[in-house]
Amino acid sequence: MKIMWTYIVAGLTIFALMLLVGIGLRASQAGWISIDTGTFYSLLSLHGVGMITAMAIAGLGLLWYLVDREIHLDERIAMLAFAFFAIGVLIVIVSVVFGHYGALWTMLYPLPFVGTTWPAWATGAWLLGVASVMLGFMLICAQILGAILRASGGLGSALGIDYVFGRKAFEAAGKHPPSPQMLAATVVSIDGLIGGASGLLVGIAMIAHWLDPHVVIDPLWAKNLTYQFGHTFANLTMYMAVAGIYVALPICTKRAYHSSIPLVVAWWGTLVFVIIAYFHHLYMDFVQWPAVQYIGEISSYLAAVPVVVVTVFGGLMLIHRSGMKWTLGSMFFFAGMVGWIVGGSAAILDATIPLNVDLHNTLWVPAHFHTYLLEGVLLFILGWVFVSLEQRADAASNAVTRWIVGLGIFGGGALFLIPFYIAGAAGVPRRYAVEPAPGPYWAGVATIGALLVLVGVLAALVEGIRLARMQAVKAST
């Protein structure tokens, strides 16, 4: 439990800080406050990488705990990985706050090195900080995958291959398929190692160029690796948190979430397609091999649909007529599944080539991944936190608290996200400090929504502290 809470609290703390930064950025785009252009892009760089890292840290804490419940994991490795995360986060903050790095989280070569307004050391610090985060991420993935492979006897059993293709013999031998959460952990770990390796490879190349500008990097090679790492890392935050559904919903509904062949096969699809779906970020790169553009479009559909459909359908079947009580924990999980579907649907639309031409460089893209993170990953993490607290404190929040939190995080979240979609559909470009009309108007509406989200988050924090204290009192008696 110590590892889980260390990671989750750290992740949610970073999230809260990045939420404040994000509110400031949207308020600036609305014209409510004044942030100079250089500072805006520095803060946008911090906000982007900070939010994804925050959700990754919190999600890893949850995933590590779920695996540790079934297979003992060494806490020392988890704390070493946490040290890499902490060092990386601090270095990135230094590069932005003191160095004013502003080439965004994508850090596409050669942009961080050409025509910059910040010192060269800030670029190097950013690259080293991101590399440290990747080392921590890969260390946890390696620990989880190694433990699962040892316990299951190999990759075939860990992924349920023998369960799918030889079910009768499998069951006759008294074997059991991998639990849904262990299946998720296996897929996340494998894809995490692949994505992390891509990130480290391009990161080391860029660090070499930073140290010696005579080192030349192929821009298309760098862009492929950068997005393979970044897109995979961002998407895996969702799949880490999804593992919590398989354990928490049975607690809420008092019904078991069983592994099934459709669920196993769906996770196989996620294993393969998540690491190649990133090609939809390179549709405009006409020198790219044309075949991979089609692979990118097809993979973007197949990466999301199977697991979303099977997991959400299974979750709804658990909830249906279960008599589940609507506590904060169960509310967060249910709303998170809705956010997952909405954000995923918007992503699929963007990955469709005729639509991508008009949408990809607009606010439609931050609309879909803000939906993914804010109304998907975050809600699953908060759902797990509150299910854990409610179960251990043997108490639930009152209706007034649920309404305040719900209106703030769900209602405010919708008011924050819808303007992104509307402005994106209207062609407002993303990553602009000063947006053309109707961008500023919708940025103002989004800022109001973000402030309501902040109110909901604060109410959830107060309620979480209350439940934690009740748990402590109960444990001491």
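Glycine is treated like the rest: Cβ placed from N, Cα and C.
Now, the feature entries from TrEMBL:
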type	residues	note
DOMAIN	1-477	domain 'Cytochrome oxidase subunit I profile'
TRANSMEM	40-67	transmembrane segment
TRANSMEM	79-104	transmembrane segment
TRANSMEM	124-149	transmembrane segment
TRANSMEM	183-211	transmembrane segment
TRANSMEM	231-249	transmembrane segment
TRANSMEM	261-280	transmembrane segment
TRANSMEM	300-319	transmembrane segment
TRANSMEM	331-349	transmembrane segment
TRANSMEM	369-387	transmembrane segment
TRANSMEM	399-422	transmembrane segment
TRANSMEM	442-462	transmembrane segment
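Mean pLDDT for the domain 'Cytochrome oxidase subunit I profile' (1-477) in this predicted model: 93. Each of 183-211, 261-280, 331-349 was scored by its Cβ pairs under 8 Å to the transmembrane segment (231-249), and the highest score goes to 183-211. Note: the stretches the transmembrane segment (399-422) and the transmembrane segment (331-349) are in contact (3+ CB pairs below 8 A, sequence gap of 6 or more). Among residues of the same chain six or more beyond the transmembrane segment (183-211), those with a C-beta under 8 A of the stretch's C-beta atoms are 63, 66-67, 107, 109-110, 112-113, 120, 123-124, 127-128, 130-131, 134-135, 137-138, 140-142, 144-145, 148, 158-160, 217, 221-222, 225-226, 228-230, 232-233, 236, 239-240, 242-243, 246, 259, 263-264, 267, 270-271, 274-275.
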